[in-house]
Amino acid sequence: MSRKYFGTDGIRGRVGQFPITPDFMLKLGWAAGMAFRKQGHCRVLVGKDTRISGYMFESALEAGLSAAGADVMLLGPMPTPAIAYLTRTFHAEAGIVISASHNPHDDNGIKFFSGSGTKLPDEVELMIEELLDQPMTVVESGKLGKVSRINDAAGRYIEFCKSSVPSSTNFEGLKIVVDCAHGATYKVAPSVFRELGAEVTVLHASPDGLNINENCGSTHIESLQAAVLVGHADLGIAFDGDGDRVLMVDHTGAIVDGDELLYIIGRDLHDRNKLQGGVVGTLMSNLGLELAFKELDIPFVRAKVGDRYVMAELLEREWLLGGENSGHVVCCNHTTTGDAIIAALQVLMALKRKGETLAQARQGVRKCPQVLINVRFEAGKSDPLQNPLVKEASDKATEAMAGRGRVLLRKSGTEPLVRVMVEGDDENQVRGHAEALAKLVAEVCA
């Protein structure tokens, strides 16, 4: 059954445009509360990132959940993975995150976590969608949900992050720059690294509700690169607005992406005989990562793009490590979802054990030239990927690379974009095919 509201990562869109409106969020809170109540007594945690609209939607969700008889525990601004962790430790039926991740402030969205801290099963999402189409009813007054606030949420999560590395860990002498993207990590990330002994310079940790992800964080890494070079830091760490993505910068200012971080963590686990199986990447993972793991005899498989698909593959195979080149890294030996702070800590521990710099560790991945071009299209128009001209051009580009590259065309699960990715061993050829395909897709979308 197809979904009406839920995308690959919850519900997301422009604030004020359906479904990202206060009245829809009220109904969504009620529908979610009714769905979770079917499993017995219902307690739901609600957290958010730092967008100004988060306060409005928090109030609407709170009212809807209460109307359904669900107790609500408010966390305030907290990273998405923190909400997953706290949902689990408070034994709540579900967790709700109000965030649009790496998108600008005028977008927002909703993600759900199950009581075990994982993404909701498909059947629960479909149940919520069915309830959204039913009239809203309010439970009798004596059964209305109560609302409370968890005041020590940040401290609990900081201690959890620190527990992901050995208790003897001391990063004294390590000089790092941390970019919090004016987002949900601003209260917790600097404390985690400082309490473990690192010297920390903090960038973009003054959210005003409007500046989240604005020319900062993992999607705009230039200021972090500059700060690392100017401050002669050992490395830089960039988070996105909700704290589930991480990219790094080495001491030379070079960007270290999710593929390379996955390699560094995977190699460390492999060296210590703690990998448990192989590593899960995605269709967008660079071919160089696959080849690097092959050299280490580490199995590597590709899931569909999206951390929920990476997680599903990990659970099915009972493996521990997976991620995306965008910086979602899932360490199942520590977390139930992508956690940027914990992933960064695993990289720092791997470097410490090996006695390497980040620049040295990343050399294990010889990345193939890869070009990604995003083409915007209007929702409701015919699917450009089903156009025979686009299919023919994609097939011809693949054939022209004669087994030395690959072409991937896909629609984003969170934005109205077609992503055109071409990868191969000849950079000029790769760029030429990518630009030609992107131009054709744009013409078809016009």
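Cβ from N, Cα, C; glycine included.
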Further binder of Mg(2+) named by Swiss-Prot next to D240, D242, D244, taken from the candidates S101, S114, S382, S394: S101
Between D244 (Mg(2+) binding site) and S101 (active site, phosphoserine intermediate), the C-alpha gap once rounded to whole angstrom: 8
Listed in sequence order, residues not in S101, D240, D242, D244 with Cβ within 8 Å of the centre of the Mg(2+) site Cβ atoms: D49, P79, T80, S99, H102, G183, A184, F239, G241, G243, R245, A340
Spatial neighbours, same chain, of S101 (active site, phosphoserine intermediate) - Cβ under 8 Å, 6+ residues apart: D9, R12, D49, T80, G109, D240, G241, D242, D244, R245, T414
